[in-house]
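Contents: one structure, followed by commentary.
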Amino acid sequence: MDVTIQHPWFKRTLGPFYPSRLFDQFFGEGLFEYDLLPFLSSTISPYYRQSLFRTVLDSGISEVRSDRDKFVIFLDVKHFSPEDLTVKVQDDFVEIHGKHNERQDDHGYISREFHRRYRLPSNVDQSALSCSLSADGMLTFSGPKIQTGLDATHERAIPVAREEKPSSAPSS
């Protein structure tokens with residue numbers, strides 16, 4: 001038996017103060033009444049569903065880990081192929097850019113683009129950076145740490161390698 005979970009009354013009555021999913025990065029997946037009429041949220045059916053209850057990995061949020069031995073970035077890019085991704089290091093920043101042209105999906109035509117920029121710790125060995133894309137669409141960018149930082153005043157492209165196994169990133 002399917003039971004729809006109603007959101008708490010205090011979240012429904014906040015109206016325009018409660019974030020809409022209208023500008024989420026999941027374009028083409030359809031909108032709910034709340035997305036178009038947030039000021040009427042308390043009068044709309046209490047059985048609508050909001051995007052804030054999606055899983056972390058489904059939301060495209062990245063995870064950055066920096067421990068004593070290495071620096072790692074996990075980024076969900078399941079809608080992109082390795083050819084759609086560009087990863088480069090410029091000065092002490094890593095820039096990840098993804099773009100695919102318009103293509104058809106279940107809801108019509110869609111094109112996507114994102115740009116993420118992360119500061120590299122000064123003690124990351126920039127000559128040993130690597131980047132891979134798992135079969136489930138998790139991009140993993142990593143680099144070992146060294147005792148003293150290298151001079152990071154140049155730009156260098158980092159190739160994206162495809163892995164056949166799913167990512168080992170946590171699903172939070």
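All residue numbers here begin at 1 and follow the chain in the order shown.
Any Cβ shown, glycine's included, is placed from N, Cα and C.
As annotated by Swiss-Prot, Zn(2+) 1 binding site applies to H100, E102. In sequence order, Y109, I110, S111 are the residues near E102 (Zn(2+) 1 binding site), counting only same-chain partners six or more apart with C-beta under 8 A. Secondary structure at E102 (Zn(2+) 1 binding site), as computed by DSSP, is strand.
According to its DSSP assignment, H107 (Zn(2+) 2 binding site) is coil. Per Swiss-Prot, the feature Zn(2+) 2 binding site maps to H107.
Here Swiss-Prot flags H154 as Zn(2+) 3 binding site, drawing on similarity to another entry.
The domain 'sHSP' feature in Swiss-Prot is assigned to 52-163; the stated evidence is sequence analysis. When averaged over the domain 'sHSP' (52-163), pLDDT in the model lands at 84.
Look at Swiss-Prot and you will find Q6 (among others) tagged as deamidated glutamine.
The deamidated glutamine feature in Swiss-Prot is assigned to Q50 (among others).
Following the DSSP three-state reduction, the secondary structure of K70 (N6-acetyllysine) is strand. Per Swiss-Prot, N6-acetyllysine is recorded for K70 (among others).
Swiss-Prot lists Q90 (among others) with the feature deamidated glutamine, giving similarity to another entry as the kind of evidence. Non-local contacts of Q90 (deamidated glutamine) by the CB criterion (under 8 A, 6+ apart in sequence, same chain) comprise E155. Q90 (deamidated glutamine) falls within a strand when secondary structure is assigned with DSSP.
The local packing around K99 (N6-acetyllysine), expressed as other Cβ atoms within 10 Å of its Cβ over all shown chains, amounts to 13. Among the features that Swiss-Prot reports, N6-acetyllysine is placed at K99 (among others).
Under the heading deamidated glutamine, Swiss-Prot lists Q147 (among others).
Sequence-distant neighbours of K70 (N6-acetyllysine) (same chain, 6+ residues apart, CB-CB distance under 8 A): S142, G143, P144, K145. Taking all protein chains in view, 10 other C-beta atoms sit within 10 angstroms of the C-beta of H107 (Zn(2+) 2 binding site). Distance from the CA of H107 (Zn(2+) 2 binding site) to the CA of H100 (Zn(2+) 1 binding site) is 17 Å.
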